[in-house]
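What TrEMBL annotates here:
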- A:385-395: compositional bias 'Polar residues' (COMPBIAS)
- A:159-284: domain 'Palmitoyltransferase DHHC' (DOMAIN)
- A:372-430: region 'Disordered' (REGION)
- A:62-80: transmembrane segment (TRANSMEM)
- A:86-109: transmembrane segment (TRANSMEM)
- A:205-230: transmembrane segment (TRANSMEM)
- A:250-274: transmembrane segment (TRANSMEM)
Amino acid sequence: MKNCEYQQIDPRALSTPTATPTSTLPCAGKNPQRLRRKWEVFPGRNRFYCDGRIIVAQQSGVLPLTLGLILVTSGLFFVFDCPFLVAHLTVCIPVIAGVLFVFVVISLLRTSFTDPGILPRALPDEAADIEKQIDNSGSSTYRPPPRTKEILINNQVVKLKYCFTCKMFRPPRTSHCGLCDNCVERFDHHCPWVGNCVGKRNYRFFYTFIVSLSFLTSFIFGCVITHLTLRSQSGDGLIQALQDSPASVVELVVCFFSIWSILGLSGFHTYLVASNLTTNEDIKGSWSSKRRTEELGNPYSYNNIFTNCCVVLCGPMPPSLIDRRGFVPPEDTSQTVTSEMELPPFMSKNDTNMCTQGTKELLESVAHSSLLRSPCNPGTPKTAPASQESWLSTVSGAPTPSPGSPPSGCSGRQARRPIDNPCPQKAGRRAVLHASRPAFHLPSPPYSLTHNPLIFSDAPNVGFIPLA
Amino acid sequence: MAETHSLQDLRQQATIASKVFIQRDYSSGTICKFQTKFPAELETRIDKQQFEETIQTLNNLYAEAEKLGGKSYLEGCLACLTAYTIFLCMETHYEKVLKKIAKYIQEQNEKVYAPLGLLLTDPIERGLRVVEITIFEDRSLGSR
């Protein structure tokens, strides 16, 4: 082949996303420049499957565990408890359990695999236009203070923050998730149990998931108790019943621990849905009257529980804005704003070590910052110092975002639950995840710190005049 | 031929002088709505009335997509009852309106904006953040 005389070309490189354009393939007749799909050049930290149809966060968290627990518990129920119950009671029991199980699994998968409402990053032209409009008095070597813009929503002042990573002013209710490195619309929280952010587009799936899971665990729990009761009555007592049906014991234990947290979580999210709030807003106390002198409430609420519920759960389904399966226009491949250029070499996005490295540094940073102030979260095991002091000074308030809450005794407020339990489905496993749970407020590896002011920007308004 | 291929040709042949970005208007909340303020850069190119009409029509279309009413609730409830599997086979109301919007923008480009050396970009391609208007240098098209 003629092209071997020019340079040794790795055939695999021709089909990988980082394939170089045709200029390096002078005689390559068989592989013209392949049009890449947008998911292949997506700058955020997500993984894609099925050619862009499925999107998950980079770290799948404990999604396999969640799924495994649900499948195993339900499987044991169907195999070991249902035959007895069908014989002694009614055939409806496995039918109901089956319907609930299907609901749970489908809504879990939809929550995990759906784009939560990621906002695509601003293209260079757009970013430049915004920069022009901001009064930028700092020099290029000094990072300017976080930029904010004030707008009026329903006659209430709302501050929009500038996202340095995505190079745009975040729309209201949008927040930047540090783990996924994306701005997500109507950001609720990043849930490690489902391995994805929960935002505008998948909140209803998430809510369906936790509600149906509450019903399923309660149902299984009740059925197992009934089964054991019936067995012990007709047999030789409770101990014998337990020995005859050991699977029931497993189910009992799992369900018992799950019910507390899941029912609590469902109740909390029902409250959020009814008041049209997000977990993020509730934790930060954005609309609570404590932080404000005037009695201004949530500007997004319709002040009617039924309307709020309908809007949040049954409202129109917005489209995905990131167009994962669209093709990247050939001449626009250099236009996408990515943070690749600013990445230190060891932090390249495709580095498989980044996952563990990032998580480790994150855990260390969280551990250190949680030592700086007395946290609400039960202590994290590590005490290694964070890698960047400057980050610590800005993040000192971050893991406990609502400044008004006391450092201890936070169990009083119901709203505190999300800090400890954004998705605490299995209470016994909480300790492992405490370090990573507040992570949804924190930026991930240090390189991105300069780009994520997030909730750190309590700095005064730079005096930017809104465009309107 | 210049008319039918004008949009593609515009992108490839004419020189881009500048771009104007119409930002979102959040005064009514998080619904998709763009500011109707007439940008200064377009003063010499297009009639203010025409521009405002385009943006207002776009705003109305987006409002229709996000309208809360019996139909959208029905769709939502049906989806919930089928464990959201219905979205796999059915196009949502929002998507249908987005197609309408895309057609409207293409039509506006062909009839109004391309002859004036302007090009509207569908906001969905910019994540519904901005309406990007590309201003091309004022020269005859199709000369290359």
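First residue shown is number 1, and so on along the chain.
Including glycine, each Cβ sits where the backbone N, Cα and C put it.
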Quiz prompt | Other parts of the chain folded back onto the transmembrane segment (A:205-230), taken as Cβ under 8 Å at six or more residues beyond its ends | solution = 70, 73-74, 77, 81, 84-85, 88-89, 93, 96-97, 100-101, 103-104, 107-108, 110-111, 114, 188, 191, 194, 198, 238, 241-242, 245, 248, 251-252, 255-256, 258-259, 262-263, 265-266, 269-270, 273, 312-313, 423, 425
Quiz prompt | Folded-back contacts onto the transmembrane segment (A:86-109), same chain, C-beta under 8 angstroms, at least six residues removed | solution = 66-67, 70-71, 74, 77-78, 194, 205-206, 208-209, 212-213, 215-216, 219-220, 223, 226, 230
Exercise. Pull the DSSP breakdown for the domain 'Palmitoyltransferase DHHC' (A:159-284) and write it out as helix, strand, coil residue counts.
Key: 75 helix, 19 strand, 32 coil
Quiz prompt | Per-residue pLDDT averaged over the domain 'Palmitoyltransferase DHHC' (A:159-284), given as an integer | solution = 90
